[in-house]
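Comments concern the structure below.
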Amino acid sequence: MAEEQKTSKVDVESPAVLAPAKEPTPAPVEVADEKIHNPPPVESKALAVVEKPIEEHTPKKASSGSADRDVILADLEKEKKTSFIKAWEESEKSKAENRAQKKISDVHAWENSKKAAVEAQLRKIEEKLEKKKAQYGEKMKNKVAAIHKLAEEKRAMVEAKKGEELLKAEEMGAKYRATGVVPKATCGCF
């Protein structure tokens, strides 16, 4: 008899606990689905307009606590997904920005190294040109010195010849004076 009372108590208690939980749960989900899925108007066939479903915020009823909880959990899950997607999007944007910045940095480094190489090449060419200029300058100075030396030698020869001619003229003049002979004119005009 005690077992029958326990089973009857269990039978009485279990439907009372389970019955309210089963009935409110399907109703709010169906209502929420009906609110979210609005059929597009017939006129929208002509226009390609994308409409976001408008969620109507109705005051929540105090009597259906389980339904409110389901709606809140659904909203919370939706917000969680949205925030995750937004965080992912921001992360991807940040990664893309970092990759682009790194590539730009690499391009700057490449440009700077190439510029430095070209400038080094230019300096090397300038040094070679300076050396050649110095060498040619030295050669030209040597040529000028050689020309000056030759000119001095030629001047010396001219001076020597002049001295010889003067000496010869003096000797001839002395000879003509001593002999009393008048020299012949060297010019054939007279």
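Glycine residues also receive a Cβ, built from the backbone N, Cα and C atoms like all the rest.
From a predicted model like this one, the values you see are computed outputs, not experimental measurements.
Per Swiss-Prot, the annotated phosphothreonine among residues T25, T58 corresponds to T58. If you average pLDDT over the coiled coil (92-147) in this model, you get 97.
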